[in-house]
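Here is the structure we will look at, set down as structure tokens.
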Amino acid sequence: MTPLGQLLPLNRPPPSHPTPPVISGRRGRCPPPANAHARGSFPPPPPWRRDHGLHGRFMPPPQLFRAPARPSRTPKPPGASAAGGREAQAAAVAEFVTSERVKVAAMLGLALALCNADRVVMSVAIVPLSQAYGWTPSFAGVVQSSFLWGYLMSPIIGGALVDYYGGKRVMAYGVALWSLATFLSPWAAGRSIWLFLFTRVLLGIAEGVALPSMNNMVLRWFPRTERSSAVGIAMAGFQLGNTIGLLLSPIIMSRTGIFGPFVIFGLFGFLWVLVWVPAISGTPGEHAQISAYELEYITKGQKLVKSQIVSEKTKKVPPFSKLLSKWPTWALICANAMHSWGYFVILSWMPVYFKTIYHVNLREAAWFSALPWVMMAVLGYVAGVVSDMLIRNGTNVTLTRKIMQSIGFLGPGIALLCLNAAKSPFIASAWLTIAVGLKSFGHSGFLVNLQEIAPQYAGVLHGMSNTAGTFAAILGTIGAGFFVDRMGSFRGFLILTSFLYFISALFWDIFATGERVDFDGTG
């Protein structure tokens with residue numbers, strides 16, 4: 001009879017040592033090697049555990065059970081890992097601050113500051129200009145609104161030009177053109193009122209390309225995890241332009257005359273162009289001084305697709321019908337419209353609100369109205385940093401955009417309702433500051449989302465939504481005056497604006513997305 005061990009051979013060679021393994025019910029227990037006692041690691045096995053003749057048949061050689069050796073670990077002193085993390089974070093911050101891409105964001109912020117300063121200077125100069133040229137209040141309103149005539153026409157065309165030629169070139173021409181219009185305003189006002197109105201319309205046309213150009217440059221220069229911070233830096237300049245224009249214009253006028261701010265701001269625009277053209281490139285790959293590390297970091301973080309690269313495919317008439325057939329497009333349009341409604345209503349009417357409701361003088365009203373824009377600049381950057389941090393930590397991009405935009409709509413809606421209940425100008429200014437400050441969270445919502453759902457059409461989408469925003473701004477500004485005339489108070493209009501904020505937040509949360517939308521039918 002064949003021995004039992006011969007029925008199921010394992011086809012393994014016999015071991016080189018005579019010591020048999022131990023059959024044990026304990027899981028993971030390994031037999032000692034034959035020379036373990038020689039090394040002093042294990043005692044020699046007892047005689048009853050030897051020579052069972054099972055090697056190579058039922059049990060594999062003992063070497064197969066042996067766990068792989070683990071590398072020895074050097075003990076680290078307490079707090080070493082935390083210190084290493086802080087050093088890595090400090091190095092990342094230092095790299096960002098000294099990088100070429102942060103210079104791009106800073107230059108964009110300066111351009112947007114000039115954009116708003118050139119726009120707001122007329123709000124300060126309209127009173128002495130009306131007195132000097134005998135303008136009636138109604139005609140002064142026409143002069144104020146002439147900027148929006150040009151601004152209404154240019155965003156869509158400007159967005160298409162940005163997608164075709166790139167943000168660097170279009171921004172340079174835009175700043176040069178609106179600086180020329182601002183610089184020539186004093187000369188035009190002295191020649192003809194129609195010539196003066198033409199310079200205001202030209203200012204609006206040129207400034208219509210500013211935000212689409214900014215979005216295009218951020219898309220090209222920043223990885224996905226830093227775009228909210230970049231937009232926050234650029235839009236901080238945009239909001240500080242309001243403060244610069246409102247506070248510096250009266251001082252400059254008192255020293256140089258009515259048209260002093262126009263000349264000075266126009267000259268600063270020309271200076272900006274002289275720096276922008278040689279110092280900034282359209283893409284990181286074209287920059288002569290960018291480091292290899294930063295170029296690789298930007299390229300890897302962008303997750304570029306073929307349609308994002310400038311090619312012949314992108315240089316065509318945008319598919320407007322397809323763009324308008326998707327709900328995310330309408331979410332962007334409605335968000336921009338509501339943002340512009342609240343923005344221009346507060347910018348245009350809050351000085352009058354403080355004067356009529358709390359009976360403060362115009363100079364005090366200007367200070368009460370200027371503080372919120374500083375808060376908007378600060379919180380706009382904070383919102384961008386928080387948004388990028390959420391995405392880096394694994395939060396879904398769509399959820400991040402919805403969180404940011406919900407704060408940007410629900411916060412101002414609630415704050416404006418509280419503004420209605422304020423009993424003093426200081427409390428009212430505090431609620432107004434909260435409303436405008438939280439409104440800046442929308443910069444990390446809809447404003448960044450333009451680059452995400454259709455990077456190849458970001459300029460056109462921005463132009464379309466900006467045109468809708470301009471219509472909303474005109475309607476809101478006129479509507480506020482209508483409510484005041486009919487109801488004798490701003491309270492009803494503030495309640496209406498709060499309600500629109502809440503509806504817009506709901507619409508955004510339902511239809512917005514942070515993922516790329518297929519507008520070209522390529523799947």
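Each position is counted from 1, following the chain as shown.
Quick reminder: no glycine exception, Cβ is built from N, Cα and C everywhere.
TrEMBL entries are annotated by machine, without manual review.
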Annotated transmembrane segment segment (source TrEMBL; candidates 99-120, 121-142, 231-252): 231-252
Tertiary contacts of the transmembrane segment (258-277) (same chain, 6+ residues out, Cβ under 8 Å): 107, 110-111, 114, 117-118, 121, 124-125, 128-129, 132, 168, 171-172, 175-176, 178-180, 182-186, 189, 245, 248-249, 252
Two-stretch contact, the transmembrane segment (428-448) and the transmembrane segment (231-252), at least three Cβ pairs under 8 Å: yes
